[in-house]
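Quick look at what Swiss-Prot lists:
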- 420-459: coiled coil (COILED)
- 16-55: repeat 'WD 1' (REPEAT)
- 58-97: repeat 'WD 2' (REPEAT)
- 100-139: repeat 'WD 3' (REPEAT)
- 142-181: repeat 'WD 4' (REPEAT)
- 184-223: repeat 'WD 5' (REPEAT)
- 226-265: repeat 'WD 6' (REPEAT)
- 268-307: repeat 'WD 7' (REPEAT)
Amino acid sequence: MASALDDPALQRHFKGHKDAVTCVDFSPDSKQLASSSADACVMIWNFKPQSRAYKYPGHKEAVTCVQFSPSGHLVASSSKDRTVRLWAPNIKGESTVLKAHTAVVRCVNFSSDGQTFITASDDKSIKAWNLHRQRFLFSLTQHTNWVRCARFSPDGRLIASCSDDKTVRIWDLTNRLCINTFVDYKGHSNYVDFNQMGTCVASAGADSTVKVWDIRMNKLLQHYQVHNAGVSSLSFHPSGNYLLTASSDGTLKILDLLEGRLIYTLHGHQGPVLSVTFSKSGDQFASGATDAQVLVWKTNFDKYSVKEIVKLQQKRTCPEAPPHLNDIYPRTPHLHSSSGHSIEINPMCEVADTQTFDPPIINVGANLPYCRRTKAVHTLNKHVRNDNYPTPPVAFSYTEGQKEHPLVEEQGVLPPSLSNTLEQIVDQLNVLTQTVSILEHRLTLTEDKLKECLENQQKTSAHASESD
């Protein structure tokens, strides 16, 4: 059993939302925390002592998801109002609006290079967008029901998604095809994510299960039934050794993936927990729930730092490479039962009260005059489908001593002629890439057939020799 010093501890709690907290996300430098809520607001919490929190009203309905860009300069939010907003996480709170889908937008996620982001919606589609040009790229449409979540792999080559059609799908972005499907007949998944190596995905089931799949072998590696209600969210520790889960039963669970067992059960929220996430360094994690609170925890239980674990992984003689399309083939799944016991931690009683006073909250963009649409926003609206949906102009606050700056740099807008030429080149490259992929696949089939023919020839020769 771990010592008390190794147990997770509640560090801070933030109160500012007026309704359920639907999503939480750390900034890349872990100096800020973003949260979204059913109160239709996004909030940015600053960890610096005595700093103010920013509240961004703008969405017309509940905000379903929020995420920092890899650079930390933007925050994306999705909403039931069918839009996605891109915010500057500062006191000015400028935002750009994208009419993204024809139904509720459930999820938004950035690629690791920050060039692309994806959205998932109740319109049964996943859409990819270019961030800097704010241009719609393509849709993935093989799900047959609401898409709850979509996440990039660490290398940006794959997307994992889960839907109310009771499937978890793996998509190859090169071909824009679904290359693998995991079916769960007991219920749909609410959330899905890749581990840090990109070799496994974990799903949070509405049937209260957590499953970890090897996407190279198409095999169920681990199956946990540790919650008493649906699992709403999960997050891999950066080391890849632990998995944090949140559930409607009001608890957070921490799973040791190396030993395949539950090690901690955390009680802190007064109601269903809707979102959890580790910080980039892994030394903190945050949770949000229907009690409108955001809790920030100190990890403590990971005895190795992320840097040490990365060094250990680099020393391996045969590091695991990311999966290739031809590496993924069907296998019969098996269950992995959890073992061991949990350590109950109740922040109200057993953990020292390290909570800070609620920071002052600044309402950014509320009841402010609208400004004229920027060129970037106007350019965006030309390329987004369903333009008949009215897009509000960008609202921002005026603060003395601060210069106005556009959310997206104007220098990123190219002349139409050059833009069309580049698009044609990109389309041609995509065709070439698909052609090469098809040729590789055919070559593989040909090699397999040739190998089979050679084996048959050897068998025939052997039989002929025996007959003689």
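Keep in mind that glycine also has a Cβ here, set from the backbone N, Cα and C atoms.
Note that this is a predicted model, so its numbers are computed, not measured.
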Composition by DSSP (helix, strand, coil) of residues within the repeat 'WD 5' (184-223): 0 helix, 22 strand, 18 coil
Stretch-averaged pLDDT - the repeat 'WD 5' (184-223): 95
DSSP residue counts for the repeat 'WD 3' (100-139), split into helix, strand and coil: 0 helix, 22 strand, 18 coil
